[in-house]
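Undergrad: Below are the features listed in TrEMBL for this protein:
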type	residues	note
DOMAIN	27-65	domain 'Leucine-rich repeat-containing N-terminal plant-type'
SIGNAL	1-21	signal peptide
Amino acid sequence: MSHLSILFLLLVALSFTPALSELCNPLDKQALLQIKRELGNPTNLSSWNPKTDCCNNNWVGVSCDTVTPTYRVDNLDLSEIYLTKPYPIPPSIGNLPYLKFLFITNSPNIVGTIPTTITKLTKLRELYIRYTSVSGQIPHFLSQMKTLQFLEFSNCKLSGNLPTWLPSLPDLYGVAFDNNRISGAIPDSFGFVSKRFASPGRFRRRWGSWT
């Protein structure tokens, strides 16, 4: 084999090295880039570069599971996103199936209702949506998310009654619905709190202001 042929093969091998060494799952990267597009490509997500690895702490607000060899995105923090105009919660968030923690906070230009695609996050433990302009009722489809442990919708524009299905979430130990437009009395079914936990202080129960 000639020296030129060997050199060519080396160059080809080197060109594939970044892709082979990348930890970020390609489906997760695709979902994240779509989320970025659905938010109008905000400037503070400029680190979400398709040419870089989303699992090496270079992507703002993105963390991956480094305990197991899967390296799937398990934490997404969309806080203080600089949006040039109102945008809804990106439906593509539902395409991150290994997500355990989701923060959508301090972004008043996040509007609309909670998307149904969020129910695809079957491993989600904690969901925080606060200081946004998200509106509508707290949707019943969230009752499908049996892995939820903490649920916060505070300082938004949610309305309607307190969800009666909350006690059906087997692992739920905390909720916070401060400063919304939620009305009505706390249902009797919420006596499940004292029965489920030996330490009542573990349950953070803040329903917010009633009308």
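Here the Cβ of each residue, glycine as well, is placed from N, Cα and C on the backbone.
Where the annotation comes from TrEMBL, it is an automatic prediction and has not been curated.
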Undergrad: Mean pLDDT for the domain 'Leucine-rich repeat-containing N-terminal plant-type' (27-65), as a whole number?
TA: 96
Undergrad: Sort the residues of the domain 'Leucine-rich repeat-containing N-terminal plant-type' (27-65) into helix, strand and coil with DSSP and give the three counts.
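TA: In the domain 'Leucine-rich repeat-containing N-terminal plant-type' (27-65), the DSSP-based counts are 15 helix, 3 strand, 21 coil.
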